[in-house]
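See below for the structure under consideration.
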Amino acid sequence: EWPETGRLALYLLGLRATCPPPDLESQRSLVTWLKYHLEEDWAGSRRHGHPLTSFYQYGLGVLALCAHRKRVREEVIRRLLEAEHHHKFRHTGGSAVGESPRGEAGWWHPQAGCVAPEWVTRCVPADTEAVVVLAFTCLERERLVRSRLAAELRAARRRIRRRMVEEQRPDGFFGNVYSTPWAMQVFIASNMCRLQTVYGQAMAALLKNLDAFTITATMAQVLPVLHGRSYLDIASMRCQKEPDTLTAISPEPLPEMLGTMMVRLVVECPLPRCPQHQLYDQLVPAPAGASLLDVLRAAAAQEPHNFTFETQETPQGPFLTTVLGLEAQQQKRSYWQLLTDSSTSLQMGVAEYRPQDGDSIILRLSEW
């Protein structure tokens, strides 16, 4: 079973970055499959005017093909240009919310924003716009488009960069902490990072929040930025000159935390779907330093066993699908939102976030 557009695109980018021994036949096969998925992605949802997956994955596919120096049909590129012109990246029909091949929200998003319904609030248009800018820049830099189309790509890139600058948050982030590395790659790729104060502000904010990047997928996005690189550098690598400096290391074990913490766990369901707005409110004892997922397991294990939940495994880790028998339903655009208070959403998933003693966690069935 072959991966979908975004996942296959990421695999091809990673493959190019590792400078593997030449195996032209297998790489050619993967590139062919990606081209096939791009066409299937669009053809299956032609009447909606957007890909079956998302513009994010579609743009990522174009970027991956360019990194392998493969030409992309002009029609494929113009679909992204048209979407940018009509601001489709900023609507749920594009990629403001991750979509499955069946149009379902909360499906896999290669960026660590929209990999799960509970993380929908982290998935922002900045991700899509940045990926598209990188794809456009690559196509022009590798001279894979004609001069007239290249001029249109440059104009679109300028518009998107201008929006990024205008919409940078007061805390320095572009969209959110996970979208920021993508946006910063745009400035790196255009050699504008030293000229833009917004880049320095974003870097300062990123350095203060590196503990948010705890899984492989998010690390893969932030590490190039910390070294002043972008994914476009993959396309220009000269593998025969790359030193073989990769060595395996044994990670140091996390320090053992002794003691027990108490976390208040609350489950909320909106009216009129649930006659009772608050379905659960209990103190849950758990080992100090435990993840939120561990807290949920502790809640399910404690008497009188009136708390239940289910998760689904994804490439980005588990995400919450069902709580107290209530399933987040895609057709109703619902998901389980994780909050630390009535209005503050978590910026991590259940397996990443580690509550502190005395914290309150709200699981709220919400709509996107």
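Heads up, the Cβ atoms here are built off N, Cα and C, so glycines get one too.
Database features (TrEMBL):
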- THR53, SER54, PHE55, TYR56, GLN57, ASP127, ASN176, GLN221, TRP336, GLN337, LEU338, LEU346, TRP368: cyanocob(III)alamin binding site (BINDING)
- CYS66-CYS138: disulfide bond (DISULFID)
- 289-366: domain 'Transcobalamin-like C-terminal' (DOMAIN)
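Feature annotations (TrEMBL) mapped to structure.
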{"residue": "THR53", "record": "cyanocob(III)alamin binding site", "Cβ neighbours (10 Å)": "31"}
{"residue": "PHE55", "record": "cyanocob(III)alamin binding site", "Cβ neighbours (10 Å)": "27"}
{"residue": "GLN57", "record": "cyanocob(III)alamin binding site", "Cβ neighbours (10 Å)": "30"}
{"residue": "CYS66", "record": "disulfide bond", "Cβ neighbours (10 Å)": "27"}
{"residue": "CYS138", "record": "disulfide bond", "Cβ neighbours (10 Å)": "26"}
{"residue": "ASN176", "record": "cyanocob(III)alamin binding site", "Cβ neighbours (10 Å)": "21"}
{"residue": "TRP336", "record": "cyanocob(III)alamin binding site", "Cβ neighbours (10 Å)": "25"}
{"residue": "LEU338", "record": "cyanocob(III)alamin binding site", "Cβ neighbours (10 Å)": "25"}
Pairwise CA distance, THR53 (cyanocob(III)alamin binding site) versus CYS66 (disulfide bond), rounded so that it is a whole Å: 20
May I ask for the distance between GLN57 (cyanocob(III)alamin binding site) and CYS66 (disulfide bond), taken between their Cα atoms and rounded to an integer number of Å? 14
Which one is it, among the binding-site residues PHE55, ASN176, TRP336, LEU338, that lies nearest to CYS66 (disulfide bond) by Cα separation? PHE55
State the Cα to Cα distance, in Å, between ASN176 (cyanocob(III)alamin binding site) and CYS138 (disulfide bond), rounded to an integer. 25
Just to verify a number: CA distance, CYS138 (disulfide bond) to PHE55 (cyanocob(III)alamin binding site), in angstrom, no decimals. 17
When pLDDT is averaged across the domain 'Transcobalamin-like C-terminal' (289-366), the result is 87
